[in-house]
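Peer 1: Quick one: the structure is below, questions incoming.
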Amino acid sequence: MLIYLIGMPASGKSTFGKLVAQKLNYTFLDLDTLIEEDNNSTIPKIFDTKGEDFFRKLEQNALQFTFNLDKTIIATGGGTPCFFDNLDKMKENGIVCFIHIEIKTLVKRTFQAQQRKQNSRPLFKDSTSFEELYQLVSQKWTDRKEFYQKADFEIKNNDLNEFLEKLNAKQ
Ligand SMILES: Nc1ncnc2c1ncn2[C@@H]1O[C@H](COP(=O)(O)OP(=O)(O)OP(=O)(O)O)[C@@H](O)[C@H]1O
Ligand SMILES: O=C(O)C1=C[C@@H](O)[C@@H](O)[C@H](O)C1
Ligand SMILES: [Mg+2]
């Protein structure tokens, strides 16, 4: 079985995915990391040099690769379910869980990462203040929520027990 985690940047897909993989004895795969390794580059560099459209095609190809796997939990990129037919394909090939975290928390985490100079999120790199970042993240949420909310189920606050109960109900 394949499990896909979707959600806004900084919602904890990578962190929570590793925890779930340990619990279920699944392999963990991070789609962003897979793209970086396959292209011998970083996501900010790919955005800078080739642009977002090019990145979205790499992302679609990387997602396609995961459909051949089994017993794997995949942390997707924040935008993965919002492009092409990626979300339908994930639902056809696995179970999709939306990690729903409130905007205030997402902004705090992203702001802290930026202050530590961990600028790994090209979509938000131009924000110069907390308020500006808040606006950008809120706008992304408005644009994307209709995709995230089509997941097979959603969890709040990265709660492992809630995740396992809802996963069982879907199997
Ligand atoms: N349950 C949690 N409680 C508090 N902080 C958390 C939690 N989960 C993740 N974080 C922190 O939030 C930040 C984002 O987490 P993570 O990288 O797992 O998110 P992501 O959804 O994979 O983000 P991206 O879309 O950018 O890949 C990290 O600094 C991480 O340490
Ligand atoms: O939200 C997004 O569109 C993105 C999130 C990251 O996980 C990366 O996939 C990339 O930075 C784009
Ligand atoms: Mg991640």
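Cβ coordinates come from backbone N, Cα and C, glycine included.
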Peer 1: Pick from Arg116, Arg121: which one does TrEMBL list with Ala10, Ser11, Gly12, Lys13, Ser14, Thr15 for the same ATP site?
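Peer 2: Matched candidate out of Arg116, Arg121, per TrEMBL for ATP with Ala10, Ser11, Gly12, Lys13, Ser14, Thr15: Arg121.
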Peer 1: Record says Arg56, Gly78, Arg144 bind substrate. Source is TrEMBL. Which of Asp32, Asp126 does it list for that same site?
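Peer 2: For the substrate site that includes Arg56, Gly78, Arg144, TrEMBL also lists Asp32.
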Peer 1: I'd like to know which of the binding-site residues Lys13, Arg56, Arg121, Arg144 has the most other Cβ atoms within 10 Å of its Cβ.
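Peer 2: The largest 10 Å Cβ neighbour count belongs to Lys13.
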Peer 1: Using C-alpha positions only, work out which of the binding-site residues Ala10, Gly12, Ser14 is nearest to Arg144 (substrate binding site).
Peer 2: Ala10
Peer 1: Other residues near the ATP site, CB within 8 A of the CB centroid of Ala10, Ser11, Gly12, Lys13, Ser14, Thr15, Arg121?
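Peer 2: Once Ala10, Ser11, Gly12, Lys13, Ser14, Thr15, Arg121 are set aside, the remaining close residues are Gly7, Pro9, Phe16, Ala75, Gly78, Ile99, Arg109.
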Peer 1: Find, among the binding-site residues listed as Ser11, Ser14, Thr15, the one whose Cβ has the highest number of other Cβ atoms within 10 Å in the structure shown.
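Peer 2: Per the Cβ count within 10 Å, the most buried is Ser11.
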Peer 1: Within 10 Å of each Cβ, count the other Cβ atoms and name the one among the binding-site residues Ala10, Gly12, Gly78 with the highest count.
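Peer 2: Result for the most crowded candidate: Ala10.
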